[in-house]
Amino acid sequence: MKIGIVGLGRVGSSTAFALLMKGFAREMVLIDVDKKRAEGDALDLIHGTPFTRRANIYAGDYADLKGSDVVIVAAGVPQKPGETRLQLLGRNARVMKEIARNVSKYAPDSIVIVVTNPVDVLTYFFLKESGMDPRKVFGSGTVLDTARLRTLIAQHCGFSPRSVHVYVIGEHGDSEVPVWSGAMIGGIPLQNMCQICQKCDSKILENFAEKTKRAAYEIIERKGATHYAIALAVADIVESIFFDEKRVLTLSVYLEDYLGVKDLCISVPVTLGKHGVERILKLNLNEEELEAFRKSASILKNAINEITAEENKHQNTGG
């Protein structure tokens, strides 16, 4: 598998390392506006290949993406302490459009995973600018949020996170929606399990949801950025592609019409295999969850409209 990574900040470089450890890539091209940074990362990773599976890793340009099976986009300006993901939109949209033009030119048949925040909006801009197959362009979405929530529940209840089944959908950010109505542990509905183990109630579950939502902010306050967990999440996404696992993951995908949400990239459960997104699964949400999901979609739609209006303004004024 040939993998291209655009953007070698902490997320991009951590992702490259995670992929090397997984052993998927026979070839990995690293692209960054700071060519020396990309060269340094390539050398550092190459020196680790005696301890991993052999891989050809090098710094390159967009033209070197030719023949890539997967392209991971992690380029963008970093999130500041206290800054919401949506506030990042204006500073990253133009960067994403430029990347989209280059990826579609040199690797039009690749599967593209957008990681840069705000991931839902930037995935939408990438898709529209590139004109690529919507099944092959998606964002990392709420894969990490889902993992965080499962971990919190598992730690509290004394189970493995792998035995906890609950999804976080919607925006990867402040308006994300935990789907409690479909949550299960070992095949037992979470509400029933709570009655059995008597370790939690609705307030504790709400606290878990809030902790999941605030997790990135908490980490950023302490160390400036999140990068290890998201890198592992992206490597997990690539694993599903590489092995054609057809796993169900909450990715930010383009929706033509999903529970009333149209023309938007937002996280919902999908099956992912070697050809990209194969199926979009419609959840049976309760009224409260459906309302929250549509509200989340509305927030993202407004953000897209705002940045589009600003772009048009710049073009009309020659800015």
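Every residue gets a Cβ built from N, Cα and C, even glycine.
Here Swiss-Prot has D32, R37, Y62, G76, V77, V115, T116, N117, S140 binding NAD(+), and the candidate from V11, V164 in that same listed site is V11.
Within 10 Å of the Cβ of H172 (active site, proton acceptor) there are 30 other Cβ atoms, across all protein chains. The NAD(+) site in the record is lined by V11, D32, R37, Y62, G76, V77, V115, T116, N117, S140, and its two most distant CA atoms lie 24 Å apart.
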